[in-house]
Amino acid sequence: AGCGGCRQWATVALLSLAVLTPAGSASAAALPVVINTWAFRTAAETAWRVLELGGSELDAVERGCGQCEIDQCDGSVGYGGSPDESGETTLDAMIMDGNTMEVGAVADLRRVKNAIGVARKVIEYTKHTLLVGESASLFAVRMGFPYEDLTTQKSLSLYSEWLNQSCQPNYWKNVVPDSSKSCGPYKRPEEVTYKEEQTSSQRSVHNHDTIGMVVIGVSGTVASGTSTNGAIHKIPGRVGDSPIAGAGSYADSTAGGAAATGDGDIMMRFLPSYQAVEYMRMGTDPTVACQKVISRIQKYAPKFFGAIICANTTGSYGAACNKIPGFTQFHFMVSSPLLSRPTEQVVDCI
């Protein structure tokens, strides 16, 4: 993917100052472009620098998301965050080549920090798309990644606090003992009495779970990727939307790319990233494509927590989010020749 050293465009200064741009300006077209979820500035800067130095779009996605893994972005990416209900941190990631439609992904990855790097190796050294659990960790070691402890004092504290709060909140339902009042182990009751589920999402702006990134090169070549440590206090073995092609992200060099963030258990049911790219393929403006995807999910889950970023092959981009209490705007990063630096932008949720 990409044209490497053939890029002839001016070097853009990578400044650390935050710049907020309103939603109305998130539509100008220029290539290359890097767009990522949330105000993860160092990830945007790293990906942009890779392009400046002649790296490919896949390289930029891998390095950009990898920077968030190193930085432990907001505790929701990388090691030391979001312990599951057994206290262990596990990682999910994916990367997609919009030229070949190849995808590499890992889920429930244990004891390996560079999840997006392992996902890239799935593309390069296997005929598979997704590897999971202990077997994914074994694959990572075979590829030269070291085993490392993903637990930190912070993740231990989060786990301890959760236990002291009777394991609230959690992701169980219709089990005994009552999961809304106590810790497990839970089991299926002899007679099932189905309770109405809480309509509010357990995710919030304080627990956003994913860096999603789309990179489009000067020739319109698209790559995308995600990395996350998933839902905090999840049931062990849970896999969300992030490592699933079409859900966490999607890239197609004939149309564009998209990446989602939020309540993956809900969002993955709608393949929002794939749907957004298909809207753009039909000529829909990226912002409108993002909004249409959010609206489709709202019909079934009006109180879901989530957002999506979109960019087409001309360099136009946009984003959208679902408006709920405490989450009325979505911040994301954009890098492009039209901007003097990687820039934080914001859209109002719908």
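Heads up, the Cβ atoms here are built off N, Cα and C, so glycines get one too.
Note that the coordinates shown come from a computational prediction; the quantities given were computed from them, not determined experimentally.
Straight from TrEMBL, the features:
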- THR210: active site, nucleophile (ACT_SITE)
- ARG238, VAL239, GLY240, ASP241, THR261, GLY262, ASP263, GLY264: substrate binding site (BINDING)
- 1-28: signal peptide (SIGNAL)
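The Cβ of ASP263 has fewer other Cβ atoms within 10 Å than any other of the binding-site residues ASP241, ASP263. Here the C-alpha separation of GLY262 (substrate binding site) and the residue listed as 'active site, nucleophile' works out to 7 Å. The C-beta environment of VAL239 (substrate binding site), restricted to residues of the same chain at least 6 apart in sequence and closer than 8 Å, consists of ASP92, ALA107, ASP108, VAL132, GLY230.
Across the fold, the C-alpha of ASP241 (substrate binding site) and the C-alpha of the residue listed as 'active site, nucleophile' stand 10 Å from each other. The 10 Å shell around the Cβ of GLY264 (substrate binding site) contains 28 further Cβ atoms across the protein chains shown. ARG238 (substrate binding site) carries neither a helix nor a strand DSSP state and counts as coil. Under DSSP, THR210 (active site, nucleophile) is assigned to coil, being neither helix nor strand in the three-state scheme. The shortest Cα-Cα distance from the residue listed as 'active site, nucleophile' to any of the binding-site residues (ARG238, GLY240, THR261, ASP263, GLY264) is found for THR261. Here the binding residues for substrate are ARG238, VAL239, GLY240, ASP241, THR261, GLY262, ASP263, GLY264. Their largest Cα to Cα distance works out to 16 Å.
Around the Cβ of GLY240 (substrate binding site), a 10 Å sphere holds 24 further Cβ atoms from the protein chains shown. Under DSSP, GLY264 (substrate binding site) is assigned to a helix (H, G or I) in the three-state scheme.
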